[in-house]
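Straight from Swiss-Prot, the features:
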type: DISULFID; residues: Cys30-Cys98; note: disulfide bond
type: DISULFID; residues: Cys42-Cys86; note: disulfide bond
type: DISULFID; residues: Cys87-Cys134; note: disulfide bond
type: DISULFID; residues: Cys87-Cys134; note: disulfide bond
type: DISULFID; residues: Cys100-Cys142; note: disulfide bond
type: SIGNAL; residues: 1-22; note: signal peptide
Amino acid sequence: MAKLTILIALVAALVLVVHTSAFRSSEQSCKRQLQQVNLRHCENHIDQRIQQQQEEEEDRARKLRGIKHVILRHKSSQESEELDQCCEQLNELNSQRCQCRALQQIYESQSEQCEGRQQEQQLEGELEKLPRICGFGPLRRCNINPDEE
């Protein structure tokens, strides 16, 4: 019985070591991937979306004031290309955890340019939508804004 207990303890310790090693390896792999992938297209896409939202809000405000001149904006081919390339970049990352880290990295770099909490919320919202738009569904347990954890 004592030998069985020792054997079980050794197996449990071995499983823990292997799991910890795999996790550490996964973290290092993600860091390498994030250094290699260029997230510029994602940043450009998010910038365009936030700018578009602001223009739409300004247009609504003009309408409410009775100004009839409203700019209709259609999605340009450049915007579509930025989104496509962004999705390709995110898809290159091999795990949801790594994709989440990429979105957090974009948030950290882009939030510095935000003028107020409303723009930060728009940024967060656009980043949360991105995985669904790219076709790999919502990221589970991914807090885009690491300051809110």
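Just so it is clear, glycine is given a Cβ too, placed from its N, Cα and C backbone atoms.
Ranking the disulfide-bonded residues Cys30, Cys87, Cys98, Cys134, Cys142 by Cα distance from Cys42 (disulfide bond) puts Cys87 first.
Put simply, of the disulfide-bonded residues Cys87, Cys134, Cys142, the one whose Cα is nearest the Cα of Cys98 (disulfide bond) is Cys142. Close to Cys86 (disulfide bond), meaning Cα to Cα within 10 A, are none of the disulfide-bonded residues out of Cys30, Cys100, Cys142.
Here Cys142 (disulfide bond) comes close to Gln96, Gln99, Cys100, Leu103, Gln104: these same-chain residues lie at least six apart in sequence, with C-beta atoms under 8 angstroms from its C-beta. Long-range C-beta contacts of Cys30 (disulfide bond), restricted to its own chain and to partners at least six residues apart, with a cutoff below 8 Å, comprise Leu93, Asn94, Ser95, Arg97, Cys98, Arg101. For Cys98 (disulfide bond), the count of additional Cβ atoms within 10 Å of its Cβ stands at 20 [all protein chains shown].
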